[in-house]
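Annotated in TrEMBL:
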type	residues	note
DISULFID	CYS214-CYS276	disulfide bond
DISULFID	CYS222-CYS240	disulfide bond
DISULFID	CYS228-CYS232	disulfide bond
DISULFID	CYS472-CYS479	disulfide bond
DOMAIN	216-500	domain 'GT23'
DOMAIN	509-570	domain 'SH3'
MOTIF	306-312	motif 'SH3-binding'
TRANSMEM	9-28	transmembrane segment
Amino acid sequence: MNLRSSNKILAQAAIILFFFWVIALILLTRPLLNNQQSEVSNDVLQRLSKAVSELESLKVRNQELQWILTNFSHEAQSGKINENVVERLRSTLEDKIRVPISFGGLEKKLTDGPSKEYEVKRRAIYRGVQEIWYFVQQELEKLKKKGHDQNAPELASLIQEILNSGKEHEIVLLNDLQELSSMEGHDAWRTTESRALSDLVQRRLHYLQNPVDCSKARKLVCNLNKSCGYGCQIHHAAYCFIMAYATKRTLILNSKKWRYHRGGWEKVFLPLSDTCTDPSGLDRSNWPGTNETQVIELPIVDMLSPRPPFLPLAIPRDLSDRMIRLHGDPQVWWIGQFMKYLLRYQPETQKMLDQAKEKMNFKMPVVGVHVRRTDKVGTEAAFHSIDEYMLFVADFFNKMEMKEKVPVRRVYLASDDPSVLPEAKKKYPDYEFLGDVSIAKGAAVATRYTDSSLRGILVDIHMLAHSDHLVCTFSSQVCRLAYEIMQTLHPDASSKFKSLDDIYYYGGQGPHQQTAIYSHKGHRTGEISMEVGDVIGIAGNHWDGYSKGINERTKQSGLYPSFKAVDKYNIVDFPVYSEVAVAA
């Protein structure tokens, strides 16, 4: 709630107080005004005495109410006001003046939360500050390099001082924006809305997966046999689940002889259904089948034909307004909800994770770092040194220390390269590193599909997702999976990451597009021009103030300023699941 709303409440309370004070005076003095006798009777004197007594009582009550309103004003000005504060004020005032009080629907306005436009703009400003610093930092780094190349160490030193000071400015601005977000009083709404929206999706998934009569249910069969790593296979299962939701078919996950656990999916995670695991039916067909086909088998996403419109990064129309209002990346939030249902641990798995967390003394604050090497480097991703990751780890803790003391700079370090953890401990003795070299050894290609390797990858992803911030490469499926799970643990964790390479994507996704909100005339080599409203197919963010993409109107391909375009969400008609009530 802003200060103007707070002042309005104070004014209402003051008017109420004044109103009852005036009524009391009228009631008590009316006999005096109506008395036509010249002599003051004993009765009048008694009434005057009583009036004085009542006025003394009113004075005390007035002082009490002033104290209440002063405290309320302080809470309002500190930005801590919410519906609980309003309710407490109303209850206290009613107790003092013995009359029911209403603040004209103010409580409902508080629980209604901010507008979608406000939330979108607030997050856009936060990203804008980051983007302008990416640009300035990159340009200054170029100048510093020129200073070194031209043997001008004083110039290079001066530029480094500017970089250091500029970074502090960025940190303070971002901190201020986060504090402002809390001060306007909508955090309670964000938490409540996040819980309610997630609960609705989870109940829809439970309804879908638990038909009354499995023998008559329409089914979608997904074989967990994709030849790839753990993160890739989990994403394959999630793609199948999204397809099941969109076609309103119960997902049957065939995981017999799963390469990560011969006992199948249910040995690690809870079954997807309590009532329907039988893949049989009256008739069967490969995708796409027909609406009447009872059982349809789904191929891997790479072989899917025809491709339906509801593949990631599509979001459902009936929930889109709530998702966009709540979350900075609703496309990831949506995928996270399927991960939340899929990755419900068996009690033994949960116990193993809890024990691992306790053994390594996993505590907040902590930054999760994932360093992907081995088979990725040179094929799908570039090599990144541990120093590159630690730059952003330091940024996180420096930002935190602008507001509070950080006793331990703690890092959970996961990697498929056993040399990374010892190297980090040696290079950065001021940090406390959590992790297990044996997990890295088990992640090697030769030992990737053993039971110990599965336990290791489960621990790594769990700890990365539960970290305060994630530094990794989005070219890695493990990194993206941890980021997706992270969205289920916070109202909005869309800014709790730093990727050293790609922007977020989902394997086999449909087009990722942006819309130009400002025109731009390309003036540097490699830049493209765009007009307001142009649709840009984005290929990536270079984290230097520029993104790469193709203008679908002009067919130009190249760089454009990242802040001049925003995501264009692919909003699609999914089933609305009217059988599931919106409110629990």
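Glycine is treated like the rest: Cβ placed from N, Cα and C.
Sequence features annotated in TrEMBL and their locations in the structure.
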residue: CYS214; record: disulfide bond; CB count, 10 Å: 17
residue: CYS222; record: disulfide bond; CB count, 10 Å: 25
residue: CYS228; record: disulfide bond; CB count, 10 Å: 13
residue: CYS232; record: disulfide bond; CB count, 10 Å: 15
residue: CYS240; record: disulfide bond; CB count, 10 Å: 25
residue: CYS276; record: disulfide bond; CB count, 10 Å: 21
residue: CYS472; record: disulfide bond; CB count, 10 Å: 26
residue: CYS479; record: disulfide bond; CB count, 10 Å: 29
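Sequence-distant contacts of the motif 'SH3-binding' (306-312) (same chain, six or more residues past either end, CB-CB distance under 8 Å): 239, 242-243, 246, 288, 331, 334-335, 506, 508-510, 570, 572, 574. Cα of CYS222 (disulfide bond) to Cα of CYS214 (disulfide bond): a distance of 17 Å. CYS276 (disulfide bond) is 28 Å away from CYS228 (disulfide bond) when you measure Cα to Cα.
Considering only the disulfide-bonded residues CYS232, CYS240, CYS472, CYS479, the residue whose Cα is spatially closest to the Cα of CYS276 (disulfide bond) is CYS240. Of CYS214, CYS232, CYS240, all annotated as disulfide-bonded residues, the residue with the shortest Cα distance to CYS479 (disulfide bond) is CYS232. Nearest in space to CYS472 (disulfide bond), taking C-alpha to C-alpha distance over the disulfide-bonded residues CYS214, CYS232, CYS240, is CYS232.
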